[in-house]
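Listed features, source TrEMBL:
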| type | residues | note |
| --- | --- | --- |
| DOMAIN | 105-166 | domain 'Alcohol dehydrogenase-like C-terminal' |
Amino acid sequence: MTNTLSIPSHTKAWVYSQYGNIEQILKFDANLPTPHPKEDQVLIKVVAAALNPIDTKRALGYFKDTDSPLPAASLPVATITAYQGLERVDFSSGKSILVLGGAGGVGSLVIQLAKHVFGASRIAATASTSKLEFLKNLGVDLAIDYTKENFEELAEKFDVVYDAVGKIY
């Protein structure tokens, strides 16, 4: 049985032609020519799609066409891991959080999601001495050098402790 599909001459897509704030640069084009795949490519009919955090980062210019796709490929998994962890503990606006391993892939995303998506009231995170500035740039309120300070002895208590290291303490 042969299955022949009719390929339309035009398609619809959200597009941008410059880097910047996605709300300002993203435009809907309902009349784009359908791409013609090369010999080693396929054409996929997309019924529905959504923008993901990686799409926003690409639009902001974090990943350019000349960059290797390998670093960007891992972001969706780390982002989903961070997000689902916060959802699992019912993290919400006004809660405080201590992120163990805040400078790592998942930990750094937990910090950003807790701050910008969930509305954390206070964020603390642990990292080594050389990564404390990175934590501050992410927006943590308290950067803890785990090589010099034991987070378990902090006077301050947090609503949630997110272990992005996976170590037994």
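Positions of Cβ are set from backbone N, Cα and C atoms, glycine also.
This prediction places the mean pLDDT of the domain 'Alcohol dehydrogenase-like C-terminal' (105-166) at 96. With DSSP classes pooled into helix, strand and coil, the tally for the domain 'Alcohol dehydrogenase-like C-terminal' (105-166) is 25 helix, 14 strand, 23 coil.
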